[in-house]
Amino acid sequence: MILPVLKYLLTGWLVCNGISSAQAENSTFYNPVLPGWHSDPSCVQVDGIFYCITSSFITFPGLPIYASKDLTNWKLISHAWNREAQMPGTSQQTKGQQEGFYAATIRHRDGQFWVICEYLGLPDVMLGTIFKTNDLYDNAAWENPITFSTPAGDLDLFWDDDGKLYIPGGGQGTVLLDVDLESGTVLNNTFLWSGTGGVWPEGPHIYRKDGFYYLSMAEGGTETGHYQVMARSANLTGPYTPCPNNPVLSNKGTDEYFQTVGHADLFQDTNDNWWGVALSTRSGPEWSIYPMGRETVLFPVTWEQGEWPILEPVRGKMSGWQMPPSSRDLPGEGPFNSDPDIYHFTTLNEIPRNLIHWRVPLQGAFEIVDSKGMHIVPSRGNLTGDNAELDGRSGLSFIGRPQTDSLFNFNVTLNVSLSESDIEAGITLFLTQYNHADVAIVAQPKADGAEGTDRLLRFRATGNDAPEERLEKIPETWDENLIQFEISTPNATHYTFAACSAAEPENKIMMATMSAKLVSGQSGPFTGTLLGVYATCNGAGTGLECPSGGDIYVTEWMYTGKGQYYTAGDLRP
């Protein structure tokens, strides 16, 4: 009977030391907790609900906010930047593919949620932006941002003991900004810490605990040499003493499937347990195939009073503090990140919240039309924007969602009527305007020189070592207008592209098989793959308008995950 006695003694020890049996039991979870492109995460817990934000760069709406009660089921509830009028003209002025909103921080203060980040890509200024809201679940509740010219990036929010707000920032070390939010003037800029000597010290966060100011930041660049370091001081302005165990978090120099770990943020649950989130790529040390880019991973943190925190190394399968009970009981209208898309646009009243654009689209480019579906007005510029006049900044007719599964099937049915040459509509696997692969229907002049156009299927890819273009005439037996396009994954390293008549989905024309390397890193090292629909007239027309002759509706949109790899060889549903 020694086991019951030991159990009794152990239970008494746990209670005497302030640890409930529920807290003592570890829980198991899988990374990434926010699969798909979700880089530079920042999180906060308020009243038992966790809220996280990730970078969005030039996508619109931008700065997505997710909510969870259990740290594993994450619901998209709003975007801090959801109206072009909040930042008028910025999208049109931003030229680069990897510019826009970088590395946001989310915090809660006096009943309000605050989001801060910098916007890169505007002429002659790096713009600091602060968005505030009293209701995270309502897009309309997000205020227009407070803006200021910032000398630092990757901005943080820190309120000192006296309630004064400071803004830590990074770039070549961490600085502390004192900003007059009324005028947008930087009143003071104090250098805090240069880091441990690694390149690109960035992404700082300051935490107040046990009489110390703890400063955490990333070093090494957001590649396989990425890692997290910490320092602390008894005074906010320093001097800061580095942690003797730096780096406190890294998979650098390992053969782990999860690489590039860093840019971390720490937060507590309702039991005062500490957790952390960071970015990571599922690439292995080869760092060659990682189409979903930088994803959000979760890890437990042990932080004893007066001590340095201990951050658990990131793995695909993790063990940590007891998690809250599994729950999807959250307000808001957006989908959970892990849910499939099952969108019958002929019955919808609005565009689903998880669909985004590459840059702000032209007004009226996308519209739900009763019983017909989502109408798309083609843009003059195509996805590549290879015409200097039509580089995409004026708006692309593209709408998509992140790839969120290692294996998936994405298919879309278009109701397409094309009568004008060069009008094109289809679906795309999209990293940037310089790296994407598309399967579409396109109208081209008849090969025999007769009047009118031929309707052809076209596969075309853009980027280094892109597969050859392929054209196929649409069979006469196909439905005249309803065509289904498909992108799927036969494995974690390749994509297939196909098309069929919506009336005969079993009779597919396989258009191409392509390596995922084309959309891994390349011209989009900070972002990840999107899957979506586009329409263009490839430069025909004048001004911003295509010629008439293209009537395009999305009637069905389906995305279904088929599995997640959490190691290079282990797949879970």
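For all residues, glycine too, the Cβ spot is worked out from N, Cα and C.
Annotated features, as they stand in TrEMBL:
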ACT_SITE  Asp40  active site, proton acceptor
ACT_SITE  Glu202  active site, proton donor
DOMAIN    382-542  domain 'Beta-xylosidase C-terminal Concanavalin A-like'
SIGNAL    1-24  signal peptide
Within 10 A of the CB of Glu202 (active site, proton donor), the number of other CB atoms across every chain shown is 26
With Cβ-Cβ distance below 8 Å and at least 6 positions apart along the chain, what are the contacts of Asp40 (active site, proton acceptor)? List them in sequence order. Thr54, Ser55, Tyr102, Ala103, Ala104, Asp154, Gly203, His263, Leu279, Arg294
Where the residue listed as 'active site, proton acceptor' falls in three-state DSSP terms: coil
Reported mean pLDDT - the domain 'Beta-xylosidase C-terminal Concanavalin A-like' (382-542): 94
